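Supplied in structure tokens, the structure appears directly below.
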């Protein structure tokens with residue numbers, strides 16, 4: 001590196017040091033510095049850059065992100081994955097108090113600094129591995145999405161080829177195995193939360209959810225997240241995969257971050273070629289290549305299971321060596337009756353934004369194309385077809401919220417908008433356990449280090465990573481502050497692509513760079529949430545069941561839901577009913593010391609939304625000012641979307657406002 005380059009690099013490092021410790025400064029600049037040629041030896045790029053930083057300004061500043069510890073509560077972890085190699089890492093940060101449940105076949109390193117497993121009843125499923133090793137793949141996938149290191153030429157047998165990288169690739173990982181092949185028990189969940197808190201994690205990623213809503217005092221996930229919040233730890237949670245029906249969101253406590261799943265610009269197409277030369281595109285994650293060979297095509301309706309009493313299944317002996325055409329979607333885990341089949345083509349009216357890996361060549365398409373294939377299969381004497389290996393395509397308009405992503409309204413507290421925001425959760429490539437069947441089917445013998453799957457389990461760790469990234473700049477920010485930063489800086493999403501609007505995407509799509517400098521934050525503490533619970537009608541006993549301490553509800557310690565300092569606004573009402581509702585909020589200045597924000601309100605006709613005061617003038621960083629937002633009027637449709645933006649010319653602090661007819665969504 002030349003002396004000039006080193007001088008520029010020194011200036012850059014000093015700038016970064018100043019920026020990290022004074023991120024609210026008015027005069028921010030971005031510098032691009034040539035780092036010199038890469039050393040001729042095979043030293044890692046990360047190690048090379050860390051060494052230069054240490055030579056120039058000492059060892060403190062490279063350590064910012066690597067001091068972040070992400071706790072991942074899931075199915076365990078596969079420590080040998082290349083995403084978790086620890087080259088270039090120092091010892092775990094001094095704050096780490098956790099441990100590694102090591103054994104002859106499992107050990108941690110300076111990347112995976114902790115690993116525990118939980119099975120309170122002591123009875124393990126037959127095919128599961130005792131200890132923190134991941135025999136499923138799900139936990140490895142989510143952990144690497146949050147904090148996996150750089151892995152070049154990663155792919156799922158050629159699909160999604162490129163460099164795999166977690167959102168905060170230098171962060172440390174602590175894995176807590178709470179889920180097994182049969183369930184994730186409440187006792188194990190609570191024990192893992194308590195351990196993660198005591199171990200010293202900075203943030204928790206929780207890609208787990210149930211299928212029925214529970215009240216806060218009866219929800220182990222909400223209780224665990226509350227305990228974490230008390231200790232300054234934000235819990236990022238998956239919204240659930242039961243969409244697109246309303247009221248299906250399952251992680252919705254106001255002290256946690258609820259994340260919906262949206263698309264990226266990449267899709268996967270699995271082509272079908274018929275013997276008559278016609279071609280169709282379906283969707284699945286198909287890694288199998290039939291090399292264009294045509295195989296006999298048989299319509300499942302023509303080969304019913306007669307001995308089984310025409311129960312909807314097919315005759316097993318009739319599919320061997322053939323491609324089977326079905327009139328409905330078949331789960332990859334339920335293909336037992338297709339043993340011996342070459343492949344499967346499925347047709348139905350379901351949305352095609354949820355793609356699965358299958359243990360055999362497969363394609364899933366709509367009924368219009370399916371009818372043409374069905375006609376060919378039934379009217380041709382010797383119909384044949386082949387299924388092509390998946391190829392990459394692009395969505396025309398993206399991101400949009402996936403059909404499977406659970407929707408609001410909030411089933412317990414409708415006047416708290418959920419989900420909070422959305423993140424990438426469709427067709428995500430990340431690390432995998434090689435002993436976990438990539439399709440989930442027992443007969444799937446592929447052993448992969450990377451897999452492509454979809455779900456809010458995938459979007460959750462993306463949001464976790466953004467929150468962890470923001471925390472590297474603002475280590476003292478509360479969970480509510482981190483959550484506010486992500487929500488108020490999110491990219492707006494299009495209601496025409498998402499009919500459920502804010503009940504699909506909340507505040508919008510995560511925006512990592514803007515979240516670092518949100519300008520204003522809506523802060524909240526344990527006391528605020530206790531007052532909220534009291535205002536919801538909880539007794540002191542039930543509040544203590546959530547808080548785990550001696551919190552109590554007295555007459556002076558009650559707040560209405562509209563007074564909780566939340567970064568979004570929701571109101572449940574009825575169509576044509578006259579509305580007059582006041583919300584009280586507080587915002588803290590984290591942008592420029594001397595700044596003036598003006599309120600900009602937009603909304604539909606029929607609603608009159610006012611803000612008082614409409615101008616907030618700050619004189620110092622950390623100053624907190626209050627305002628009231630009032631909604632008056634009525635709505636004429638099931639949902640009316642509006643917004644409040646606080647604008648100082650540099651920052652746009654955005655909050656969605658949703659007024660809706662709850663009865664419409666119930667029906």
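Quick reminder: no glycine exception, Cβ is built from N, Cα and C everywhere.
So TrEMBL lists these for the protein:
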{"type": "ACT_SITE", "residues": "74", "note": "active site, charge relay system"}
{"type": "ACT_SITE", "residues": "138", "note": "active site, charge relay system"}
{"type": "ACT_SITE", "residues": "457", "note": "active site, charge relay system"}
{"type": "DOMAIN", "residues": "66-506", "note": "domain 'Peptidase S8/S53'"}
{"type": "DOMAIN", "residues": "563-659", "note": "domain 'Subtilisin-like protease fibronectin type-III'"}
{"type": "SIGNAL", "residues": "1-23", "note": "signal peptide"}
So for residue 138 (active site, charge relay system), how many other CB atoms are inside 10 Å of its CB?
23
Measure the Cβ-based neighbour count of residue 457 (active site, charge relay system), defined as the other Cβ atoms within 10 Å of its Cβ.
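By my count, 27.
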Which value does the mean pLDDT take for the domain 'Peptidase S8/S53' (66-506) in this predicted structure?
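The predicted confidence over the domain 'Peptidase S8/S53' (66-506), as a mean pLDDT, is 94.
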Quick one: pull the CA-CA distance for residue 457 (active site, charge relay system) versus residue 138 (active site, charge relay system), whole Å only.
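Residue 457 (active site, charge relay system) to residue 138 (active site, charge relay system), Cα-Cα distance: 8 Å.
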Would you kindly give the Cα-Cα distance separating residue 138 (active site, charge relay system) and residue 74 (active site, charge relay system), rounded to the nearest Å?
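One finds 7 Å between the Cα atoms of these residues.
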Could you put numbers on the helix, strand and coil content of the domain 'Subtilisin-like protease fibronectin type-III' (563-659), residue by residue per DSSP?
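Residue counts for the domain 'Subtilisin-like protease fibronectin type-III' (563-659) by secondary structure: 1 helix, 61 strand, 35 coil.
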